[in-house]
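Structure first, commentary second.
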Amino acid sequence: MIEKVLKGSPAFYIWLLFLGSIAGLGVFAYIFQLQYGLTITGMSRDVSWGLYISQFTYFVGVAASAVMLVLPAYFHHYKKFKKMIILGEFMAISAVLMCMLFIVTDMGQPQRMLNVILHPTPNSIMFYDMMVLMGYLFINALVGWVTLEAERHDVDPPKWIKFFIYLSVVWAFSIHTVTAFLYAGLPGRHYWLTAIMAARFLSSAFASGPAILLLLVMALRRLTGFDPGREAIQTLTKIITYAMAINVFFFLLEVFTAFYSGMPGHQHPLTFLFVGHDGHASWVVGWMWTAAVLAILSLCLLIPPQFRDNERVLPWALGILVIASWIDKGLGLLIGGFTPNPFETVTEYAPTFPEILVTVGVYAIGLMVLSVLWKIALDVKKEAGTF
Amino acid sequence: MSTTRRQFLKIAGLAAFGLGTSSALDAAEAVAKDMPGAKYDVGGKHLAAKRWAMVIDTRKLESREDYDRIIHACHSVHNVPSIPTKQEIKWIWTDKYDRVFTDDMSQHLSPAVREKDYLLLCNHCENPPCVRVCPTKATFKRADGIVVMDYHRCIGCRFCMAGCPYGARSFNFGDPRPYLKDVNPAFPTRMRGVVEKCTFCSERLEVGLLPACVEASNGAILFGDLDDPNSPVRKALAENFSIRRKPSIGTQPGVYYIV
């Protein structure tokens, strides 16, 4: 099926070339980083993780969100999703690849990364994170490829693949739970030390991941005419709406616990993010309020059926939902965890230009992989008459 | 009959082979015992303890010179660079009471206590979160309670820095060597991309020396075995009121402060 990549329109190759050149810029910035070290980033002794790890976290969620198509389709036999499912699985592949790239770009000694396997350390959550991510990549590649191959030959997928499909459902929950455990088990970080972290991660993932998928699928419909079906879009939008409502609810639970209990340690990160700490207002404050307003706005546009089912409004609602969840999880989560620092003071973090360039480069690589995989899927569908 | 005979011979042969190898192993062991480096020997001079711990008598430390002397003693012997940015490296440093003891025990501390500087360093916790989270065992706790780093195994993921509740760890964001004025050839310098921190001077204990900061403190910092009631640290703790940093999080720090 890989040969489908070789036969494409000029526009497809120009698109790949465009992504490739952005990826090239990222690689250039990364070579710069290899040369000088992570000193070219905005990270510091007190804020020792930054944009790379936060993007890793965000995209684990995007990867896990494929389950929101797989679960209804295979556990509840919701046939309407079957047409779109391969797109979700392939998006998971590119998202996991991006996660891995973000981990590698964040390492101080990337050439030693095999030490995680050579010296396996079961007490470290990072060890499990590596295992579940690699496993998820494998499962999605296998399931995606086998089911697409079956579709191409117009036969039912082999029975044994069912096992991997069910496994992928459990596995999707596990990848984001384990990623949440990276944060939730650290005794000195108030913003992260919360039992609801994994639940928050999953709810925000199941809102933002399918939202990104739907936005991309709508773009695809414009470009190629591939129609996932009106009902499939509406059902997925409902899932997104529930997940986002739960996500906002979970966040408010954090706010209640921190402020009603009156415990300073629990309040400080939240006050830092939304008003500043000790008279020190950071650039993040504006972003966090933007996220809060956009999150509410997205719910206002998604909950009433007349807006939700209006396909002119829907892309806007999904777009602002993605922005809100990205700021919350791709920015606030990391910065709030590290600020105030262990000395209850504020060390500012802002990503530097090379850091942003590397990040955008990884996005471009992810989007390239996604474009190639989706092209294969759509060409196979065209041939098989399931387009 | 012949089969039993064959069986007997088989078993006898195997037994002879087994005996032969076991005696050969014994012989090899005997030879290996005498080979250089066969046994890990730290030498007669090394200092040993069941649980190393430190007591900082803050009453005995007053002037800025006291602190600077101690910090310089540590940083010069361990090739700790002075990097003037947020990406600095420090093994031992000072800060004010509110920053060190963040639990805010008393709102109305005596101004002398609140305004004073306090030394900070790795706490060599009984339950070190950094060791728990390290994915490569590059940081680990020794049997004597000291938490150390293997700079050659560290992949620079900085999970330990997120895990440390005391901000005791530093990362070499860039090459630290240009920031070293005088290199102590007896201690390794680090490369960029690895994490480092105080080692309770494990390398000095091995040759019978007390930690550099203890030596430079003129008796203000005590060092000894927490499991030995007659050790200087236990005696000081028995006679004085002492506190530790962030006791509520269950890490059991090995650094005590007499305030």
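Placement of Cβ uses the backbone N, Cα and C atoms for every residue, glycine included.
The transmembrane segment annotation in TrEMBL covers A:12-32, A:52-74, A:86-105, A:125-148, A:160-185, A:191-218, A:239-260, A:280-302, A:314-336, A:356-378.
Sequence-distant contacts of the transmembrane segment (A:314-336), counting only residues of its own chain at least 6 positions beyond either end whose CB sits under 8 Å from a CB of the stretch, comprise 47, 49-51, 53-55, 57-58, 61, 183, 191-192, 201, 204, 207-208, 211-212, 214-215, 218, 233, 237, 240, 244, 247, 251, 269-270, 272-273, 282, 284, 287-288, 290-292, 294-295, 297-298, 301-302, 307-308, 349. Counting only same-chain residues 6+ beyond the ends of the transmembrane segment (A:160-185), those with a CB under 8 A from a CB of the stretch are 57, 60-61, 63-67, 70-71, 74-75, 89, 92, 125-126, 128-129, 132-133, 135-136, 139-140, 142-143, 146-147, 192-195, 197-198, 200-202, 205, 333, 337. Annotation: stretch A:239-260 has the most Cβ pairs under 8 Å to the transmembrane segment (A:280-302), among A:12-32, A:52-74, A:191-218, A:239-260. Against the transmembrane segment (A:52-74), stretch A:191-218 has more CB pairs under 8 A than any other of A:12-32, A:191-218, A:239-260.
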